[in-house]
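Taken from TrEMBL, the feature domain 'Helicase ATP-binding' covers 277-443. What TrEMBL records for 505, 508, 545, 548 is Zn(2+) 1 binding site. Residues annotated as Zn(2+) 2 binding site in TrEMBL: 514, 517, 532, 535. Under the heading domain 'Helicase C-terminal', TrEMBL lists 540-694.
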Ligand code: ADP
Ligand code: ZN
Ligand code: ZN
């Protein structure tokens, strides 16, 4: 095998294929599939992934690989195949798919270092020249890579990628005492009397002997400043070593170990088929449908335990927003240091460290957001997707993959079960369960038969008619007051952010719009500015209407800040914590606010989406939804489903423990089935009703969707290209499929680019994907020249 097949790091239609490169003799034993390599490409050297080896090629003037970028593959055989499958299914480039599977640190610039891990051996001493580590560059210069490769295979050395500007964080200074007791005594006597700290430190190490110790820890224990340690290093009393360590975002939290609970009869019935699938090593997809608090998580935990017992590994996906310490605690509490956690609030370095723990098989369970589905385990025994209906499981940029599909693909490969859990399964998943494509498991009751919270729906039009102009209905207000008196807690949910969503002139109806995007701008109280949430454009707040000069220009809608102000006026005794995008941008703030609420430092938790999930505090007995219909009017066929899910989700926060809960839902459309049925917590009827709507509209799950969006600075060009594409696609599909458009997108302009789209609804269209690929190849090769951008989203979440 002297030729490597390489996918190069140039995401374009023309380069989305395998290129052949010769393997220089000296790399012959190193170059393997899954390795990253540097290859010449035109005038440059770029990164590529080796996907295969072969011994012959028809290419004349074959170029050679410059050098390997790894010594051990970063993608194994399974993941290499998976990446190519994702590229096919999502119509994206293979290189984008590979990058999506790896932690960001692998894309970033990095320093590469080879570190020795084995015992002192002559050869190693020679290679490392007595040092603990050498840089890759140096090893390359000294032509050591082939020799080092052997040592890595033998477990005596390893390659570390150090993200450049974050490397220091990962090193800790350790010291080792390098002097006999006598020498220490001598030193103690000879030290000048004013060297108080040095004396104290010497005394300390005489009384507390140790092998090696973290220098800052030592300084703390001996109550001396860091400089004192440095002074003793200079005097030769200490030998210092820089030690690489994992950045562990959870190191300061201790997790109490929990034991499996005896399962209830319902749980027993539900877990049985999962256990069967585990023990027979058989792939099956389960849909675990159970209201919040019905004990799904305990089932996950016990299924994972069984998997670990069989020596295999587990992946648990939870929505990004639900990755609260509470959720993590349940897994760390059961499986301790066997658990790695992956989410986007970790620094790039932390993410990379967690990924490395997985690759080195130092952990057996991964709990993480969407991309954790690519955890490089080789012996997967189960994949669990909690809250499977969450839209964040679909990536909104290329590759536009859905974690559910990837999980099932991996489950097939590893012959292991996939569990989709939800109180409100997506219509797609529930329909598949009805057709026995998935195996339906139900937990119909809450734990201990605890009742579901009682829900009242308040018609806000009625309130208005009765003269209540406040944002709180009489009932919600009274109940909040009652809870504060009783020392119980309430959660207020608002599905918006910012102070007011928009400003409007009351005389002429003018609404301030972003000049670059066809969308109204949002007022931000803290900066007293108008902001476009699509392109970031900012401007001041007009004092008079730009259209008619009226001064009756007012803020409309309500945001969390405004609710907070209103609460301060009406319920001054209430202690309020506000949680939204603005108060949780800083790292760790999310956790801190929740901790404060849990420890009783506030009566009311006020927030957006992010408080809807995973909250499980015993003292919450009231949940208020300030306006249930904000989502109902979005131009999206899933609007009702999303409203139903959110309301069910939010209501589930109340009364999960001894105290019973109440929910107050305020709405301007009290009769809508999604609101009525969410209040009744009746998923079954909602499913039936919503399915009939989808059938009439020819929407999923009756049809698949492909959304083609064309953008261009020139409106006419965008229109004409969308027309051309539509005509081409129409000629490639059967009359079973429905093509809608071309039409302007529901946000017709973003960032000064016009947006046109067409939508295809289809069932089985063997010619569709090849045709879509042709469209991409055609326009994305020309696009750079003519300024077009064409994107294709299969199974889009977002129709805008
Ligand atoms: P879900 O994941 O469906 O929301 P959980 O697994 O969080 O439900 O269970 C709700 C509560 O019931 C939790 O506090 C959990 O510890 C408890 N619980 C779950 N299973 C059992 C059981 N078999 N026996 C006793 N308590 C249980
Ligand atoms: Zn006006
Ligand atoms: Zn804008």
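A Cβ is built for glycine as well, from the same backbone N, Cα and C atoms used for every other residue.
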Whole-number answer please: how many Å between the C-alpha atoms of residue 548 (Zn(2+) 1 binding site) and residue 514 (Zn(2+) 2 binding site)? 18
A correct count of other C-beta atoms within 10 Å of the C-beta of residue 508 (Zn(2+) 1 binding site) gives 14
Let me know the DSSP-derived helix, strand or coil state of residue 505 (Zn(2+) 1 binding site), please. strand
I need the least crowded one of these binding-site residues (505, 532, 535, 545, 548), counting other C-beta atoms within 10 angstroms of each C-beta. 548
Other CB atoms within 10 A, centred on residue 517 (Zn(2+) 2 binding site): 22
If you count the other CB atoms within 10 A of the CB of residue 514 (Zn(2+) 2 binding site), including all protein chains displayed, you should get 25
Close to ligand 2, in the sense of Cβ under 6 Å, among 505, 508, 535 as binding-site residues, are 505, 508
Determine which residues of the same chain, besides 505, 508, 545, 548, have their CB within 8 A of the center of the CB atoms at the recorded Zn(2+) 1 site, and list them by sequence. 506, 507, 509, 510, 546, 547, 549, 550, 552, 553
Could you tell me which three-state DSSP class residue 532 (Zn(2+) 2 binding site) falls into? coil
Could you check what DSSP calls residue 545 (Zn(2+) 1 binding site) once collapsed to helix, strand or coil? coil
PLDDT averaged over the residues of the domain 'Helicase ATP-binding' (277-443): 93
Compute the C-alpha separation of residue 517 (Zn(2+) 2 binding site) from residue 545 (Zn(2+) 1 binding site), stating it in Å without decimals. 20
